[in-house]
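TrEMBL annotations:
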ACT_SITE  GLU416  active site
BINDING   GLY192, PRO193, PRO194, GLY195, THR196, GLY197, LYS198, THR199  ATP binding site
DOMAIN    184-323  domain 'AAA+ ATPase'
TRANSMEM  7-28  transmembrane segment
TRANSMEM  104-121  transmembrane segment
Amino acid sequence: MKDIKKIIIISLIVISIGLIAYGIYNFLNKPEYIKVSYSSFIEKVESGEIAEVHLNDEPELKGQLTDGQYFKTDNPRIDNLKEMLLMNSVNVVEVNEQHTLGEIIAFVGLIGGFIVLAIFLSRNNERQASKEYDKMSSIEYSSEKNKQLTFSSVAGNDEAKESLMELVDFLKNPDKYMRYGARMPKGVILYGPPGTGKTLMAKALASEAMVDFMAVSGSDFVQIYAGLGAARIRSLFKKAREKSKCVIFIDEIDAIGKKRDRGGLGGSDESDRTLNALLTEMSGFKGSEGIIVLAATNRLDTLDEALLRPGRFDRQIEVGLPDLKAREEILQLYSEDRPISPALDLGRLAQQTVYFSGAKLESLMNEAAIYAARDNAKSIEDYHVDKAFYKVIAGDEKKNRSQIAKQDRRITAFHEAGHTVATKLLASANKVTKVTIIPSTKGAGGFCMNIPPDKMFHTKLDMINNIKISLAGRVVEEIIFGKDNITTGASNDIQKATETLLMMIKHFGMSEKMGMLNYEMLMGQQAADGNLVKECNHSMEALYNETKELINDNIELVTEIANELLRKETLNEDEIDIIIENVSLRRTH
Ligand SMILES: Nc1ncnc2c1ncn2[C@@H]1O[C@H](COP(=O)(O)OP(=O)(O)OP(=O)(O)O)[C@@H](O)[C@H]1O
Ligand SMILES: [Zn+2]
C-alpha cells in the first residue's frame, strides 16, 4: 500500500513537470501578432513584404513579414491560395493540425507520466504476487517431537517394524554408515489398507531416532497455480536440510506420484512437474545428511515406476490388516488406560473383529468407553463394546458380531488350505513361509506365500505342479462347498495357471500334441488359433482332474489346516508341518 502512494506521487510530479514545461515554452515563444486585412495581406504578398505563411483550416491565417513582424489575417480558405503564395515566392508552411510544439511536449510529458505510472504499478504487482507466491509455496507441515512414542505403541506388523528399526541407527549415526560405504535408503514407501498404522510407524521411527518429524500430505501439493506444487516440494526439502536430521512423511503420495499416462489423456503437466521436483530433490540429497523420506499409500500399483527406482523410494514395506494375535495386542494397547471389566474377554473380541484395521479397533474401544461413561458404569462391559461395535461398522451390513464375515472366512480358509496342501505334497522344495486368511493388497482373500527354490531351469514337472498348486484353491472350493458355490476368489489363480500352460505349449515345446514349435512366431500376435485353444482346454481339464484326485485323497489334511486357519488366521511353516505330521501319524495307525 505504501508503495502505491509513492508511485502516484512520482507520477503526479512527472505530469506536472510536463505541464509546466509546456506553459514556459508557450510563454517564452508567444509572438505578438498584428492584424492585417485580407486585402492589405494580398497587397503585401504582391509587393513581396510577406516572408512566410502558415496554411491551415483555421478562421485566421498566421505568418511572418520580411521585417520579422508576425501578422494574422482572415483565412479565405480557397484552394489556390497556396499556388498564388508560391508564385509570389512566399515560404508556405502547411500546418495540418493545430498542435504546437509546446502541446506536443506536454503530450509527451503526459504519456511519459502514464508509462512511468504503469511500469511502477505493474512492478509493484509483480513484487506483491511473488511475495504471495513465496508465502504459498512455503509448505506448512506438522512437526511433532513425540518422546514417548516408540515401536511398542504399534501392535502387530512385525516385519514392517523390523525393517524400520534398521533405519533408527542410521538416522542417529549416518556418518558411521558412510564410512563403510553403505548406501542407505533415502525413501521408504509404506503401503496397505487405510488405518493400519502407517503414519503411526513413521512417527515412531522419528521419535525412536530422536529426530524431527515433518508430516505433509500429497494433496497439499495439488495446486491450481502452475508451479506451486513443485515450489512447495523444494521448500519442504529446504526446511528438512536446515534441520539436517529428520524424517519427512508424505501421506497419500499417490496424489502426486500417480502413474503418468502414456496416451497423454488425463495426466496433467502440473502434477508431472510436482513429481519431477520430488524426484530431483530426492536424488539431490546425500545419504550422509540423515534425512529419510517415508511415504504412505493405499495402493502401490498406482504409483509411477519412476518413484520406485533405486535412489528414490526403493524400499517398499507392506503394512497389512492385523491378524488375530495383532488384533488382541491392539485391543490390549487401547485398554491399558481404560477401566476394563474383568469379564470382558479381549481374546474373544479379537476373534470377532476379523478385517478390522487398527484404527477401527481403536475407535471400537473409544466408543465403548463413551457408552460406559454415559451409563456412569464402573467399568467398560461387554454390552458397551457390543453397542460400540454396531456404531463402528455402521454402514456395513448389520451382522451379529460373532458372525461377521463367517462364510467368507470359511471359504478363504479352505481355499488357502488347498494351495498349502498342494504345495506341500507336490513341491516339497518350495518354502511355504506364511498362509493367512487376512486379505492383503496382493490377494483378494487370503494368500499362501510360496517361495520356489532358486534354479536356472524349470522342468516340465515343475511347471505342471505349479499349475496344479494354482488350481488347488478352486478344487477345494468345489469339493467342500459344491459346484454351484465356487467363488470369484480363484481369478488370479486361473490367470497364473493359463499363463504357465501357454508358455509350456507356445515357447517350450512341452506339449506332445502341439510339437516343438514356437507358436508366437508361427502365428504372430493372433494367438486365438482353434487348435491351440483346444489343446489348452484339454490339458487344463486333465490337470484339474488330477488335482482333484490329489485333494480328495488328502481332504482330511486340508480340513485340518483350514480349521487351524479359522482359529489362528495365520500359520507359519512350522505350524503347517506339525499338522501334516499329526495327520499322517493318524493315517498310518
Ligand atoms: N498397528 C497398530 N497399532 C496400534 N494402533 C494402531 C495400529 N494401526 C492403527 N492404529 C490406530 O489407528 C490410528 C490411525 O492409524 P494411522 O493414521 O497410522 O493409519 P494409516 O495407515 O496411516 O492410515 P491412512 O492410510 O488412512 O493414512 C492410529 O493413530 C492408532 O491409534
Ligand atoms: Zn487362490
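The backbone N, Cα and C atoms fix where each Cβ goes, and this holds for glycine too.
A TrEMBL annotation is a machine prediction, not a hand-curated record.
Structure with TrEMBL features highlighted.
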residue : record           : Cβ within 10 Å
GLY192  : ATP binding site : 23
PRO193  : ATP binding site : 18
PRO194  : ATP binding site : 10
GLY195  : ATP binding site : 18
THR196  : ATP binding site : 27
GLY197  : ATP binding site : 26
LYS198  : ATP binding site : 27
THR199  : ATP binding site : 16
GLU416  : active site      : 27
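Within 8 Å of the centroid of the Cβ atoms of GLY192, PRO193, PRO194, GLY195, THR196, GLY197, LYS198, THR199, where the record puts ATP, the same chain has further Cβ atoms from LEU190, ALA296, ASN298, VAL319, SER357, GLY358, ALA359. Under the DSSP three-state reduction, GLU416 (active site) is assigned to helix. Within the set of recorded positions PRO193, GLY195, THR196, GLU416, GLY195, THR196 have a CB atom less than 6 Å from some atom of ligand 1. Here GLU416 (active site) is positioned 26 angstrom away from GLY195 (ATP binding site), judged by their C-alpha atoms. Helix, strand and coil counts from DSSP across the domain 'AAA+ ATPase' (184-323) read 62 helix, 30 strand, 48 coil. Across the structure, GLY192 (ATP binding site) and GLU416 (active site) are spaced 21 Å apart at their Cα atoms.
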